[in-house]
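Chemist: Next up is a structure, given as structure tokens.
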Amino acid sequence: MSQLFHYGKEQVGRALVESGWGWLPNLGWALLAAGLIGQTRQLIWAGGVVVACAALGSWLTARGHFHAWGLAATAQLHGAYLAALARRAEASVPDAGTTLQRDLTAIDKGAGFYNVLVPAVLGVGASWVLLAGLSLWQHSLVAILPLGCLAVVAIVLRALARRVSRRDRECMHRFVALGQSFLDTLGGLTMLVSYEAGPLFAQRFASQSERFRHATMRVLQTQLTSLIAINGLVYLTVLLAPLTLRGPLGGRAAAFVTLATLMLNGRQLGYFSHGIKSQRPALRGVFGMLETAPRVEADLPAHPQQLTVRDCAAAYADRSVFKNVSLTLAPGGLTVLCGANGSGKTTLVNLINGSREPARGAILLDGQDLAQFSAKKRASVIGTLGPSPQLFSGTIASNLKLACPDDARRKAFLAKWQLLAFIRDLPAGWNTVIGENGRRLSPGQRQELALAMLLLTDKPVYLLDEITTSVDRRTTKHLLDVVGALSRSHLILWVSHDPLVQAHAAKVYQLGGQLTLKGGR
Ligand SMILES: Nc1ncnc2c1ncn2[C@@H]1O[C@H](COP(=O)(O)OP(=O)(O)OP(=O)(O)O)[C@@H](O)[C@H]1O
């Protein structure tokens, strides 16, 4: 939360003046009460003058710019956040923008930090000084009473805070479970119909919705309990105060009014701490974005000679996938990675291309740590293709053009490597319309087209993850010839269980907890 102080600093002085004027009427009301009840004309006058001066001062300082600190700070935070978001999107950092709505709301709600903190702290402090003076004058315990109450409020809130965050987590967990189940059902509707499992899923979905509703109600219940705790203790203290008051009637009235305003400011602080705590995760996201947004970066080598995976470990949540994996890719031959399902091959590919961060270790390209570079920079030198490639509705030619807009180079490349031989059998040839994500092509044709598009991007490093699962043997052999030839000048890692692919490799690594060299030519 300390980062919040860095914004709108130039308005802090103004916020103090605003808050001071804001508190002054409390002194005026205390004097008025003392004067009216003690029937002292001078005090009535003094109170009236203070209230009038405070009102005039507030009007003069405010003049349409009330909450100057909050306004300045939130404007600066919005600006900094949106600029960082733009840099992340520009650098193709995954997830950029997905939390935009939540983060902007957090910044707006965070304005409470600027608008409430100073007035409430100043109000509590000033009221306390006044109260201490009054109780010295009257020999009463009225200054100690609120101390005890605030201590109890703090203890109660602390106890509730744990419960609140447990309930919040539970609610979020239920929400995620509900969302996942909804998306699964939506995606697999046809399969569910063929399994005749519709009613079962409907029942399961209904019970998950019910659990989510219960979790939400528990969150509301806990929030209500803490509000009752704060308010209950505040009003109880104000009600108990007359029992501790001694001395002249006017002094007692002044002490009572000051105590009431002190407790109201204290309650405001309690609400404030609640509000700011509930925004803490979102605000952390905002400051995380500001800290991690990519700065202007250096270029990565256009023709790297070595990619090194150095002592890398990978984990999901607290589950380790592998530890101490080291591997070097260099031009001069294909490197193949195999291993049992779930051993972490795709995870390793994702560490290299930057879509996941290693739990430990580093990935170096010609000695430069890739962690310093944005996803966009990494993607400019590392091309990745997985088993389910993404194609774009349009024709085969329009897709190829996306990967390489230069007509001459594209045609020369495809002719040189004799790629996409299946096009000869299509009546519309290159102008065949492939539909959304290439669904009018066969899975094998989709894979071939996606590989041709990847190779057309002409990156120095390629990561191929199970790209021939749907491709026939003859085409696989041909693709192996192409990739094998490219691996003389490029750094290529191919994840494959296929013995045919492994037979073409200069090095074959096996992953299974550790990475071991299994063979190669
Ligand atoms: N997003 C994820 N969240 C949590 N766990 C994951 C996630 N992705 C993968 N895992 C787990 O990490 C382990 C490694 O997965 P990974 O996909 O890297 O294996 P793989 O070797 O590529 O498997 P396959 O041969 O089936 O493609 C698996 O046990 C999997 O359950």
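Note that Cβ sites are derived from N, Cα and C of the backbone, with glycine treated the same way.
Keep in mind that TrEMBL annotations are predicted by a computer and have not been checked by a curator.
Keep in mind the model is a prediction, meaning the values are calculated, not measured.
Sharing the feature lines straight out of TrEMBL:
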type	residues	note
DOMAIN	27-241	domain 'ABC transmembrane type-1'
DOMAIN	307-521	domain 'ABC transporter'
TRANSMEM	20-38	transmembrane segment
TRANSMEM	43-60	transmembrane segment
TRANSMEM	66-86	transmembrane segment
TRANSMEM	112-134	transmembrane segment
TRANSMEM	140-160	transmembrane segment
TRANSMEM	224-243	transmembrane segment
Chemist: How about long-range neighbours of the transmembrane segment (140-160): same chain, 6 or more residues beyond its ends, C-beta under 8 Å?
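Modeler: Tertiary neighbours of the transmembrane segment (140-160) are 128, 131-132, 134, 222, 225-226, 229-230, 233-234, 236-237, 240-241, 244-247, 252, 255, 259, 262-263, 266, 270, 273-274.
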Chemist: Other than its close neighbours in sequence, what residues sit by the transmembrane segment (112-134), given a CB gap under 8 Å and a spacing of at least six beyond its ends?
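Modeler: Here the qualifying positions are 1, 4, 8, 12, 15-16, 18-20, 22-23, 26-27, 30, 67, 69-70, 73-74, 140, 142-143, 146, 251, 254-255, 258-259, 261-262, 265-266, 268-269, 271-272, 275-276.
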Chemist: Report, as numbers and ranges, every residue of the chain located at least six residues beyond the transmembrane segment (20-38) whose Cβ falls under 8 Å of a Cβ in that stretch; write 'none' if there are none.
Modeler: 44-55, 57-58, 61, 119, 122-123, 126-127, 130, 248-258, 261
Chemist: Find the average pLDDT over the domain 'ABC transporter' (307-521) in the predicted model and report it.
Modeler: 91
